[in-house]
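J.: Would you mind keeping the following structure in view while I ask a few things?
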Amino acid sequence: MFKTLTQNLMKIFDRLVSSGLLTEEQIDAALRDIRVALLESDVALPVIKNFVAEVKQKALGQEVIKSVSPGQMIIKIIHEEMINILSSSEDEIKLNLNAKPPVNLLMVGLQGSGKTTASGKLALCLKNQNKKVLLVSLDTYRPAAQEQLEILANSVKINSLPIVKGEKPLDIVKRAMAEAKLSAYDIVIYDTAGRTQIDQEMMNEAIAIKKIVEPTETLLVIDSMTGQDAVVTASSFNEQLEISGLILSRIDGDSKGGAALSVKYITQRPIKFLSSGEKLTDLEEFDAKRIASRILDMGDIISFVEKAASIVDREQAEKTAAKLKKGKFDLNDYLQQMKSIKKIGGFGSILSMLPGSGKIMDQIDQSKLNSKIIEHQEAIILSMTPKERRNPDIINASRRKRIALGAGTTVQKVNILLKQFKQISDMMKKASNMNPKNLLRSGLGKLFS
């Protein structure tokens, strides 16, 4: 999501750090470059003006002039100001569920923003907190919209209100409220009709629904790929519906990232969640410090560890670690690692959370980060015999031909896999004695080049 902005900022930071003592003129030049980088990333102009002014005021302070490394100090100030723009209090970010059950949550947004999928993701998140959740679709306008929510609910074993054809949205609300009380639901999530544009008639319907439902949260789902249009959308919904928070969707897309920096500042409403991908597990609580670190290429190791911990089999990981200590790492272990990487979100997702990754992303063949590559490699390894997986060195030309035939691929692809396995195996042996940033550059950079 922040790739372009991150890479542009990294070039500016490299110049700052390479300079010794910085003059006011150099600081002004750097801030002009930062302004351009933010504009190119679709950050709203009021946000840019405030951000640059705050950074300049602090950068020209005595604490910077006396600093041993003024370039690093300015980067620190930029990091802090980015956190200030994005952050809200802990109470604001946390979902407000403080009401007598059933607690009502209202989801609003433009059509195509990912609102229905976000509703399903939020429902699963709450279900995992041992809440009894009911999903209710109020979208009687878009073909199959109600069925879409029903399918999502069924896929994760969450109840959805049965569909009654021809029923009006306000009547659906009344039926849902009665069902929620009768069946003792903890939380009801209402997925309102998406609007193709900010339409007053549809907005009035949402206002009427909110008046009846009295939700503890009115959450606006914003497509992060819409750029500066996101600010217009957020402002309009906030003015008329008094939203309580934001969910940014499609953060894994090829967007410029400006929406994240703009919508919170303009609406003064907290970003509560980030949504990526189509999997209902792809929802993360928003953390300003972590996102600011990602933007400035400082990595987000905490999110990476949390995601890995929720997915990776601890017992299997301990077995692999024990084998590595003995200098043993075979294709069975490699296969397990590939499966874990796929669950976490693939190589691209992992790289985006590692410090310094922004500088090597341009050097990496992006097509090789595709999850399909992992699936192809799984097929190749599964076409090997148990003996071959334990002892890759015995895989000669004739064996490679047989493996390729069994996997429905070419000998060249088998050769590539074995080469990558060798590189990773060597990396594993060096990892304990190498700085993580150096490992990233020397290892992963070569692996995907």
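For all residues, glycine too, the Cβ spot is worked out from N, Cα and C.
For reference, Swiss-Prot lists these features for the protein:
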- 109-116, 191-195, 249-252: GTP binding site (BINDING)
J.: Enumerate same-chain residues with a sequence separation of six or more from Gly112 (GTP binding site) and a Cβ-Cβ distance below 8 A; give 'none' if the list is empty.
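T.: Those within reach of Gly112 (GTP binding site), by Cβ under 8 Å and sequence separation of 6 or more, are Gly194, Thr196, Asp223.
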J.: Cβ-Cβ under 8 Å from Arg195 (GTP binding site), same chain, 6 or more residues apart: which ones?
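T.: Non-local contacts for Arg195 (GTP binding site): Gly109, Leu110, Gln111, Met202, Met203.
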J.: To which of the binding-site residues Lys115, Thr192, Ile251 does the lowest count of other Cβ atoms within 10 Å belong?
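T.: Result for the binding-site residues Lys115, Thr192, Ile251: minimum number of other Cβ atoms within 10 Å at Ile251.
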J.: According to DSSP, which kind of secondary structure is Lys115 (GTP binding site) found in, if we only use helix, strand and coil?
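T.: DSSP call for Lys115 (GTP binding site): helix.
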J.: State the count of C-beta atoms found within 10 angstroms of the C-beta of Gly109 (GTP binding site), not counting that atom itself.
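T.: Result for Gly109 (GTP binding site): 29 neighbouring Cβ atoms inside 10 Å.
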J.: On the three-state reduction of DSSP, what should I expect for Thr192 (GTP binding site)?
T.: coil
J.: Which of the three DSSP states, helix, strand or coil, fits Ile251 (GTP binding site)?
T.: coil
